[in-house]
Structures are given as C-alpha cells and as structure tokens.
C-alpha cells in the first residue's frame, strides 16, 4: 500500500522522561504497540503517525520505520482501548477524549477523531510519577502560591504548553506538605495522585459526574480545601469557580489564553454585558495568581523547559481589575519582581542566563526582542 493510498492516520503524542529504545517488532495491535514502547525517557513530546510514520521529539517531527495501516485497522485499534461509554460517544460525536492505563507501562490520554482518510487518534503518555516543582525548574513563587489558603490560581497557555504538568506538581506539593482535602474535576483524569498528607478525590467528566458545573456545585458541599477544575469552559463553570474561591476554597483552573491580561479579559468577556461589572468585582477579590506558560526546547536539545509570565494579585492588580483597567496590568508585571511577578520576556532572559535555552530561542518567543539583553 502506497503512503498516498493510506486510509487513516494514527498519531501518538507522549510526554516522556528518557530516550526510548524501540522494540524491533511492533504488531498491528495498539496494546502491543504501546507496551513495546518504553516510557522511561527524557523530557519531550513524541508522536507516531501511521501511513506516513512520524514521531515528534521535543516539538520536532521525525519519520520512523513502522508499517502502514488501513483505515479499518486504525479504527479497530482505536476502539479497542475504549470502554462501551467512550465507544458510544465516539460513534455519536465522531470524536472523544478519554484516558486509560496499561498496567506496568503508563497512563495515556487519548483523543480519537475522524478525518477525510478515516479514523485517527492521538495518544499522549502521562508519567506515572508526578514531577516536583523543583524538577520542573519552576520559580520558587509557585510554592508560595500553592500555600495560599484561598483564592483562584489560573494556569494558562496554548495546547501542549505543560499546564497539566504544572498543576499536577502544585497539587502534589500541597499533598506532600498540608493536611487538606483536595478535589479534582477533570476531563479526563490525567495524573493519578495518591493521598499523602492530604486526602485527594479525583472525579472524571462522564465517568463520575455529568458536567464541570454539576461537579463544582456539589463540591461546595463536599468540604474540600482545594479544588482543581480541569477546564473552565463556560460562564456557569467560571461563575461557580469564582464563588468557590470567594467562599474560602483554593481553586486551580486552566484557560487557553496567553498572558495575564488576556486571561482576565477572557473571564470577563464570557459573561453577558449586564454581569461583567459583578464578575470583575468577584475576580478582583478572589484572584490569587495567573501563571501563563510556554514550552521551549532546551539548549542541549534533549528536552523542553517552561517559560512563565507570573501575575500576583496584589492590591494594585485588584484595583485595576475592579476598575476595568486591564491594559495596565502589564506595567505592574514589569515592576513587580520583588513580589514574585515577571513578564514572559524576563522569564526568557532568566532561562538564557541559566543556560537552559539558547538566546536565539528566547528572541523568537520574546514580545520585545530588541530590549532583551543576556
């Protein structure tokens, strides 16, 4: 079968922690494929694509030598790892997001979908061990943020920027240091936490609850100290998350925004005009921090590291949000390093000085490359 005749593409995107050594024989079974691929690897994102086999290494696509597959073969492989409920959603919606675990191998987050060539899927491995904030080389202010008794902490960035990994590390820090009740609401569950000093309950959309809003509404009666909302997708979920933060809970959430000011705007903009002033007031009182991040290839090419824009909601920031002067937040970021704040450009400069990324990589991602000095 020629590559151009291929009826489907199966892609596998994984986050790993040491270079893998591929087994010489990979069968036409997704379980065999995943089991024959060691997960003990260096930090990076990998992807495998069939019909035109490729693998993504730290953001770069590379071809690999794997057999081509028909649309029927790909479809059978994809549905073989679904349960009945996931298979039903896939058949009805033509796409589904879920996770599953191969014992003694890894957990995988899967997005199955359909294309003009037929069924397709993307698999991403979820490390069995949650990395610590130190292992992620996260700024020390992250620990202080995680120690907040209440408020809203938003981790934002584009898809694949490591938001889930950062949140998992912060939840793990709380779990290791505080006697707290931590409740997570995810779609799907990615990192599996074991209770340590804290009690952790993890709920998955469509498995343990019908919606984020339902789970958040119930959470207020489940006596949590910390609530993780996997995605803040709609006004109802965002409103309930703000209420939870206002009523004394520490709420973690994610948004696909780039930058603190854009994050504040996004939250306010999802509400009708008549509610925006009230939402700004709630956000000004409940916001603790906004962490916006991106991943960059390390200087040695053997991994990736995150750069962060960090906004701490001090009185000046709260006042700007309340008075709808969001554009002035960037000025506060530039002068707020004493309290742990930093702009993305300041973070990039720091990573260059630490020898973690190349100056050229920093300049490509900088908002104002001309002002950067190393």
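Positions of Cβ are set from backbone N, Cα and C atoms, glycine also.
According to DSSP, residue 158 (ATP binding site) sits in a coil region rather than a helix or strand. All protein chains included, residue 158 (ATP binding site) registers 13 other Cβ atoms within 10 Å of its own Cβ. According to Swiss-Prot, the ATP binding site annotation covers 157, 158, 159, 160, 161, 162, 163, 164.
Neighbour counts of Cβ atoms within 10 Å were compared across the binding-site residues 159, 161, 164; the minimum falls on 159.
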